[in-house]
Amino acid sequence: MASAATAVSAEEGLPHLSSQAYLEGKAVGESCALVADLCRHFYNLGWVTGTGGSITVKVHDDAVPKPHQLIVMSPSGVQKERMVPEDMYVLSGSGAVLSAPSQKPYPHKPPKCTDCAPLFMKAYQMRNAGAVIHSHGMESCLITMLHPFSKEFRITHMEMIKGIQGHGYYDELVIPIIENTAHERELTESLSQAMAAYPKATAVLVRNHGIYVWGDSWINAKTQAECYHYLFDAALKLHQLGIDYSSPSHGLIGSTNAFQDKNKRLNDAVKALENGEHCPETSRHCVVLDIEGTTTPITFVTDVLFPYARDNVRKHLVSTYESDETKEDIKLLRTQIEEDLKQGVSGSVPIPPNDDAKNDVVESLVTNVEAMIKADRKITSLKQLQGHIWRAGYENKELQGIVYEDVPEALKKWNANGTKVYIYSSGSREAQKLLFANTLYGDLRKYLSGFFDTTVGNKRESRSYLEISQTVGVDKPSQILFVTDVYQEAVAAKAAGLEVLISVRPGNAPLPDNHGFKTICSFAEV
């Protein structure tokens, strides 16, 4: 094992990391002691009882690049509250075991590294994490069982959301849910798929099991884990009271007139809980809205947003080139452009390697992005970059979101009636939030329960709408009203079982004769 470990470290160009002196040094020792302390603390919180759950941290060393820093992992099948630093495994940055604990006398089992190791490594490799926590906390298990077919947990307008990296009070927190398996290692592929599909997520829930949480340091991971468990506990208690934790107003579930009957139903719910009874939950109903031609004039996108992104793409890439966010944008663009070149897509040009001159990389990216914008391509890599450019425009007051004058009043009405409203647009979720946060009528996000973009699927494919119906928690797709100006989207949504209205606004494309859909010219008609 020692020679293999040395080979691994040598490949990384840091052979000293596998030396006995380094493994027995202060940095490794403190990290092992830290994991033992955290395990005892989390045991008292109920997160790692019954030998379940696990913790891992990177051995921080300023002289070692983070991807190559050593990793400390807790063992498997060990009483977490009784662990000591000598029980820990030490791994190389690539996951090879460098140091293992000694066998303890009966009744202790032979030492074994945590079964979570392959999943922990995904967080290190895909998120450049500094620590990962796997909790079996009861609330993290139960929250996945409220809606057995939902693939996401969503909550908004709760103070503790601010403790989650990249989120604020008004934001909707979305955590992917993957299905459990008989063996922990079998979760590795579905976990990595969820991490890829939700690039901003810092956690993944496992149904009927628990949660994986990561952060750039152990403090960050611990803070977020505590906030997640608080939010799950709050959501479970709100659900028991019949209160919808996923909507901005936190109105009563299924209420037809939340403002008129809220106190009565809340009192009834409290009495039911006191008597040991369960609160009945009625069917949910919600509205899903397109943006272009539905809530917002098409001209705002074609004549304002697109030109702004096109005119500022070079400036944005140059000024933010070294940021992690722009590096991720460039990575996505590279992948898309490589595929475009294979398919012979017009306007595509090769991108030089990252280690080439910055100006050469930027100029080739600008050429590709301009061609994508001109062709109005509905692709995630373009939409994500545009969203980041538009964010700067909104922050600089160079852009202001435009919605039709009937939109704010309709959103208020639906919110008051307990009807959840979602946005589904080809623009990125961030771009959608920016538009509704910066309107002439103020921040309208308080009336919106969530945002969907093309990561859920193409808007002209019925399976995308089936995915949305499973996510928003309705009993059947027909309980969703979808409003769009695009005939092909209406057809796809109807095929999935949704109720559909087509928005007829000035400047919208003409509809086919005998299209068979009910049309509206204003949300006041809904």
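In case you wondered, yes, glycine gets a Cβ from its N, Cα and C as well.
TrEMBL: automatically predicted annotations, no manual curation.
The following features are taken from TrEMBL:
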- 1-244: region 'Methylthioribulose-1-phosphate dehydratase' (REGION)
- 33-236: domain 'Class II aldolase/adducin N-terminal' (DOMAIN)
- Cys116: substrate 1 binding site (BINDING)
- His134, His136, His209: Zn(2+) binding site (BINDING)
- Glu159: active site, proton donor/acceptor (ACT_SITE)
- 287-526: region 'Enolase-phosphatase E1' (REGION)
- Asp290, Glu292, Asp485: Mg(2+) binding site (BINDING)
- Ser425, Ser426, Lys459: substrate 2 binding site (BINDING)
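Distribution of TrEMBL features across the structure.
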{"residue": "Cys116", "record": "substrate 1 binding site", "Cβ contacts under 8 Å, 6 or more apart": "Ser54, Thr56, Met73, Val132, His134, Glu184, Tyr212"}
{"residue": "His136", "record": "Zn(2+) binding site", "Cβ contacts under 8 Å, 6 or more apart": "Trp47, Val48, Thr49, Gly50, Gly52, Gly53, His209, Gly210"}
{"residue": "Glu159", "record": "active site, proton donor/acceptor", "Cβ contacts under 8 Å, 6 or more apart": "Tyr169"}
{"residue": "Asp290", "record": "Mg(2+) binding site", "Cβ contacts under 8 Å, 6 or more apart": "Ile423, Tyr424, Ser425, Lys459, Phe482, Val483, Thr484, Asp485, Val486, Glu489, Ser503"}
{"residue": "Ser426", "record": "substrate 2 binding site", "Cβ contacts under 8 Å, 6 or more apart": "Lys378, Lys383, Asp453, Thr454, Lys459"}
Beyond the site residues His134, His136, His209: chain residues whose C-beta lies within 8 Å of the centroid, for Zn(2+): Gly52, Gly53, Ser135, Gly137, Ser140, Cys141, Val206, Gly210, Ile211, Tyr212
Shell list (Mg(2+); ref centroid = CB of Asp290, Glu292, Asp485; cutoff 8 A): Ile291, Gly293, Thr294, Thr295, Thr296, Ile298, Ser425, Thr484, Val486, Glu489, Ser503, Asn508
Residues flanking the substrate 2 site, with Cβ no more than 8 Å from the Cβ centroid of Ser425, Ser426, Lys459 and excluding those residues themselves: Asp290, Ile291, Glu292, Lys378, Tyr424, Gly427, Asp453, Thr454, Glu489
Residue, out of the binding-site residues His134, His209, Lys459, whose Cβ gathers the largest set of other Cβ atoms within 10 Å: His134
Averaged pLDDT, computed only over the residues in the domain 'Class II aldolase/adducin N-terminal' (33-236): 94
Protein Cβ atoms within 10 Å of Ser425 (substrate 2 binding site), excluding its own: 25
Listed in sequence order, residues with CB under 8 A of Glu292 (Mg(2+) binding site) and six or more positions away: Ile298, Phe300, Val301, Ser425, Asp485
